[in-house]
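> Summarising the annotation, TrEMBL assigns active site, proton acceptor to 183. The NAD(+) binding site feature in TrEMBL is assigned to 11, 12, 13, 14, 15, 16, 17, 37, 97, 120, 121, 122, 234. The substrate binding site annotation in TrEMBL covers 84, 90, 122, 156. The domain 'Lactate/malate dehydrogenase N-terminal' annotation in TrEMBL covers 6-148. The annotation domain 'Lactate/malate dehydrogenase C-terminal' is assigned in TrEMBL to 150-316.
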C-alpha cells in the first residue's frame, strides 16, 4: 500500500490542531503535511519539521496562503473555530464556527475539490450540512467525501464501557461500541447492544453510562474550567479517523468507522452510522442494524433536534456570501 497521503490541517495552531498535527507527523501514512491557520503556523510547522519522520511539513499563514496550502491534498481535516466554555452548548458556537467552516470549505471546493473533507469544527450537526451546501454551490459536491468526525464519541464509549467491564489486563481499545445519530447531547446514541465483546448492564447503569457518553464533552469543558474543551482526546480521535480513511484509500479492506454524513438511513438527511470506507470515501453505508427498544427510543427522540440543526446549517449556507 502506498504511504504517501498529502494531508492539510486547517486550524493547525489551535488546541486540537497542534496535537492532531503531531499525531499526523508521527504516522508513516503521511508524506506531506500542510498546516494552515491565521496565526502561529510558521512556528508550529518549524517545530514539527524537526521530528525525524518522513512527512514534510509546511506552514501557511492567512487567507492569501490558503490556496497554496490546499493544492494537491488528498485529505483535509478542519478543527478550526472557537472552543466551548463552561455553560455553552455546541450550538452556542454556531455563528463564529459556521462562518469559519463556510470560508474554509469554499477554498477546498475551489482548490482541492476531490479531497476527502473531515470536519471537526462544532456544531458538527450543522457544519456538515454547511460543507455540503458550499460544495453544491461550487458544483463539486460528492457526499461520499464529506465526513463529520464523530470518532471521539466512539473512543469515549469504548473507554467508559471498558472501565466498567474489562479487567485491567485487557485493552480498552479491544472494546468497540458503534455510536450513531449526531454529535451533540441527546443526538449522540451509543449502541451498547452492539458492543463487541458483548456486554450487559442493568437498565439504570445503562442509562447512566449513556448519559455520560452524551455529556462527556461537557465533563471536559467543566474540568478545564474556562481553559477550553476536549483537545487531546479529540486530536487522538481525529487522527484515528484520518488513518482509517487513508488506509481505506490505500486499498485496505474492511475499514469501518462511524461518521456524520449525508444519509438515507433515517428520516434525517444527515446521520452517523458505521460506514465501510474505500478508495473513494464511503464505499457502503452499513446502516443502524438491529438495536434495542431503549436505543430505538433515543433515535426517535433525537430526530427533532437533528433536523433543526441540519436546517440551521443549510439556511446559513444559502445566505453565506
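First residue shown is number 1, and so on along the chain.
Cβ coordinates are placed from backbone N, Cα and C, and glycine is handled just like the others.
From a predicted model like this one, the values you see are computed outputs, not experimental measurements.
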> Which value in Å gives the longest Cα to Cα span across the substrate site residues 84, 90, 122, 156 as recorded?
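Result: 18 Å between the two most distant Cα atoms.
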> Once 84, 90, 122, 156 are set aside, which residues in the chain still have Cβ within 8 Å of the Cβ centroid of the substrate site?
123, 183, 184, 217, 218, 221, 229, 230
> Please report how many Å separate the Cα atom of residue 17 (NAD(+) binding site) from that of residue 156 (substrate binding site), as a whole number.
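A Cα-Cα distance of 20 Å.
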> Whole number in angstrom, please: the longest C-alpha to C-alpha distance across 11, 12, 13, 14, 15, 16, 17, 37, 97, 120, 121, 122, 234 for NAD(+).
18
> Looking at the recorded positions 84, 90, 156, 183, which sits with the largest number of other Cβ atoms within 10 Å of its Cβ?
183
> Given the binding-site residues 11, 15, 17, which one's Cβ is surrounded by the fewest other Cβ atoms within 10 Å?
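The binding-site residues 11, 15, 17 were compared, and 15 has the fewest Cβ atoms within 10 Å.
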> What is the number of residues in the domain 'Lactate/malate dehydrogenase N-terminal' (6-148) that are helix, strand and coil, as DSSP sees it?
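Helix, strand and coil residues of the domain 'Lactate/malate dehydrogenase N-terminal' (6-148) number 65 helix, 30 strand, 48 coil.
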